[in-house]
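Copied over from Swiss-Prot, here are the features:
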| type | residues | note |
| --- | --- | --- |
| CARBOHYD | N151 | N-linked glycosylation site |
| CARBOHYD | N175 | N-linked glycosylation site |
| CARBOHYD | N247 | N-linked glycosylation site |
| REPEAT | 268-279 | repeat '20' |
| CARBOHYD | N283 | N-linked glycosylation site |
| CARBOHYD | N295 | N-linked glycosylation site |
| REPEAT | 328-339 | repeat '25' |
| CARBOHYD | N331 | N-linked glycosylation site |
| CARBOHYD | N379 | N-linked glycosylation site |
| CARBOHYD | N403 | N-linked glycosylation site |
| CARBOHYD | N415 | N-linked glycosylation site |
| REPEAT | 508-519 | repeat '40' |
| REPEAT | 556-567 | repeat '44' |
| REPEAT | 592-603 | repeat '47' |
| CARBOHYD | N691 | N-linked glycosylation site |
| CARBOHYD | N703 | N-linked glycosylation site |
| REPEAT | 712-723 | repeat '57' |
| CARBOHYD | N739 | N-linked glycosylation site |
| REPEAT | 820-831 | repeat '66' |
Amino acid sequence: MGNEAGPIFEESNAEVGTPPADAVHDDFFFDYKNATGYADDCNITGDCNETDDCDITGDCNETDDCNITGDCNETDDCNITGDCNETDDCNITGDCNETDDCNITGDCNETDDCDITGDCNETDDCNITGDCNETDDCNITGDCNETDDCNITGDCNETDDCDITGDCNETDDCNITGDCNETDDCDITGDCNETDDCNITGDCNETDDCNITGDCNETDDCNITGDCNETDDCNITGDCNETDDCNITGDCNETDDCNITGDCNETDDCDITGDCNETDDCNITGDCNETDDCNITGDCNETDDCNITGDCNETDDCNITGDCNETDDCNITGDCNETDDCNITGDCNETDDCDITGDCNETDDCNITGDCNETDDCNITGDCNETDDCNITGDCNETDDCNITGDCNETDDCNITGDCNETDDCDITGDCNETDDCNITGDCNETDDCDITGDCNETDDCNITGDCNETDDCNITGDCNETDDCNITGDCNETDDCNITGDCNETDDCNITGDCNETDDCNITGDCNETDDCDITGDCNETDDCNITGDCNETDDCNITGDCNETDDCNITGDCNETDDCNITGDCNETDDCNITGDCNETDDCDITGDCNETDDCNITGDCNETDDCDITGDCNETDDCNITGDCNETDDCNITGDCNETDDCNITGDCNETDDCNITGDCNETDDCNITGDCNETDDCNITGDCNETDDCDITGDCNETDDCNITGDCNETDDCNITGDCNETDDCNITGDCNETDDCNITGDCNETDDCNITGDCNETDDCDITGDCNETDDCNITGDCNETDDCDITGDCNETDDCNITGDCNETEVSDAADGTDGMFLKSSSSLKLVALCDGCPTEDSPKSSNAKGKGSSVSAGLLLLAGSTFLVLAVGLSAVLFLGRERQNAVVICDNEVMMEEVPGCLSDASFAVPVTQSSDEARP
């Protein structure tokens, strides 16, 4: 050829010797300091000061300070060990581990874990979907939405909304001025000051003061050792143990034990269904409904109704201005002043004065040692021993002994069925006629109509074969058998069985403690409380609350507009329309439509054969079998199997711990967490996270826009479109297209017969067999065989440790490390290298096949450099070579009779080295901005980069 290298080489064939030790890598290296557009990992060990936007698509490891004044968009992990000061938005989709202070003044959106050991000051929104562990102060002035655990050991000051769906453990002060919605445990050891709503569904353990000015709804235990000042509603369904003062100005509804050792001042309603032990003063200005024991050692001043179903032991004064209904023992050692009705079904022992201005109904013993002045009715079914004066101006019905040692003045009817020993005056001015109140303690057998215009108190059986029209209250403690219509306009309290074969129309409350069998329509406009079975064969229309503790079997429509609380089985064969909450603890079998607009809490099986439309939360702990459509707009939490044969549309979270078998479409817009098998034969559209720990078999399309974590097999026969991460630990068999835009980590086999398009990392530890195209833009790490029959385009690193057989083109722009056989029958284009570093006084390059080095000079070739006609590289013996262009320096490797092609980035011109002679078709221009390196392998008859 005769051509010489000219100015390109100082020595065309000189051996330069060993390059500097710090410039030698295992395979080859080059200087990429001046390269632009590098879009893979960045690893920085010194300060990093970036004064404009930083956009990183690979890992970012920074071991010293990072100071960023533009947007920072990181789409993979960021690990920072120095201070990080970001003055504009930070958007991170991988883990972020910061071991020193982070100060952010723009939005911070993190879609994976954040672990921070220094202060974190965020002055705009933070949105985090992975765990967030902060071991020092966090100060946030924008919204904070955390969808996984947050663990904070320093102060946390949040001045806007915080929404947390994982555990929240705060070991120092939390000060929140926006709404706080926590759907899992919160454990707080410092003061907690919340100036807006707090809604907590997990345990809440607060070991210092809590001060809340918005509603507080807690659906699990609250344990507070400091003062608790709540200025709006508190609703608690778990135990509440408060060891210091509680001051509440809104309603307080507690459905489990409350134990309070400090003063308790409640200025609105309190509703408690567990024990309530108060060891200091309680001052209540709203209704107080307690359905278990209340034990109070300080004064108790209640200025509205008190309703207590457990023992009530008060060791100091009780002053009540509303109704007081106590259904178990009351023991009072101080004065008791009640200015409205008192209704007591247990013993009542009062050792000081009782002054009552409303009705007093006592169904067990009353023992009074002070004066008792009652200015309205008293109805007593147990002994009544009064050792001082009793003065009564209303009816007095006593069905057991009354022993009175003081004057007794009764100015209306008295009906007494037990001994009455009065040791002082009794003065009665009213009759006892059935045209007013009737009080009967024996059987009552009426074979025709009974028409009563006053109260009817029957303490034994009533048997009626004609119509019974009662225009005032009926109170029955024995069986009541009515074989024709019953029409009642007052309260009806039945404490034993009621059996009715005609219509029953009750326009006020019905309270039944025995079985109730109604064989025709029941229409109730007041509350209905049934504590044993109800069996209804006609329509049942209830326009207020129904509370049932026995089985309820309804064979026609039930329409309920108030709460319905059923604590045993409900079996309904007609439509069931409930427009308020339904709470069911037994099986619920509905064979026609159920339409529920309030919460529905079912703690045993639900079996529904008609449509089920629920417009608020459904919480089910038994199997749920639905054979027609289910449409749910609130959360749905099912802790056992769900089997659905119609469409299921859920517009909020679904959390399922048993199998879920759906034979038609499922459309879910909230998170879906399934901890056992899901089998779906219709389309499944999930617009938030899906987390599945059992098999998932989908026989039609699955479209998921949130993370999808599957810990067992997934078998999909329709398209699968996932727009966030998919993490699968079992086999994944997909027989149609899979399109994934987040990471995909599969730890067992993947078998795909349609196209697979993944726009983020894919990590596979089992075999992967793809029979159509695979297009991957993130790293792909496969630790077992990959067999692909369509094109495979990978735009980032691929690392494969098993055989890889590709029967069509593969195009890879990142590193590709394959440690076993690769057999490719189509084109394979790989456009990146493995490693790089810079040398001294020019660049050194080492080949794995030869140690012969060529020294390179700076500068571009001149125009009068020699040219050759065979510069395209054909006709020479060609083996492996390497092309490197960086800045204005050519980097050339010459190995024996090998050739290297140089491609200019802009003009596609070529430089060929062959037999140590330079051949060129056209000398490229100065490529100062060139920034790529291409390893090249050519055949002997055509050199193609």
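Glycine is treated like the rest: Cβ placed from N, Cα and C.
Projection of Swiss-Prot feature records onto the structure.
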| residue | record | Cβ neighbours (10 Å) |
| --- | --- | --- |
| N151 | N-linked glycosylation site | 17 |
| N175 | N-linked glycosylation site | 17 |
| N691 | N-linked glycosylation site | 17 |
| N703 | N-linked glycosylation site | 17 |
| N739 | N-linked glycosylation site | 17 |
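Here N151 (N-linked glycosylation site) is positioned 22 angstrom away from N691 (N-linked glycosylation site), judged by their C-alpha atoms. Mean predicted confidence for the repeat '66' (820-831): the pLDDT average there is 72. Nonlocal intrachain contacts for the repeat '44' (556-567), taken as residues 6+ away from its ends with a CB within less than 8 angstroms of a stretch CB, comprise 527, 536-549, 573-586, 588, 592, 598. With N739 (N-linked glycosylation site) as the anchor, the candidate glycosylation sites are N151, N175, N703, and the one with the nearest CA is N703. Per DSSP, the repeat '44' (556-567) is made up of 0 helix, 6 strand, 6 coil.
Secondary structure by DSSP for the repeat '57' (712-723): 0 helix, 6 strand, 6 coil.
Taking DSSP states H, G and I as helix and E and B as strand, the repeat '66' (820-831) has 0 helix, 6 strand, 6 coil. Counting only the Cα atoms, the space from N151 (N-linked glycosylation site) to N175 (N-linked glycosylation site) is about 15 angstrom.
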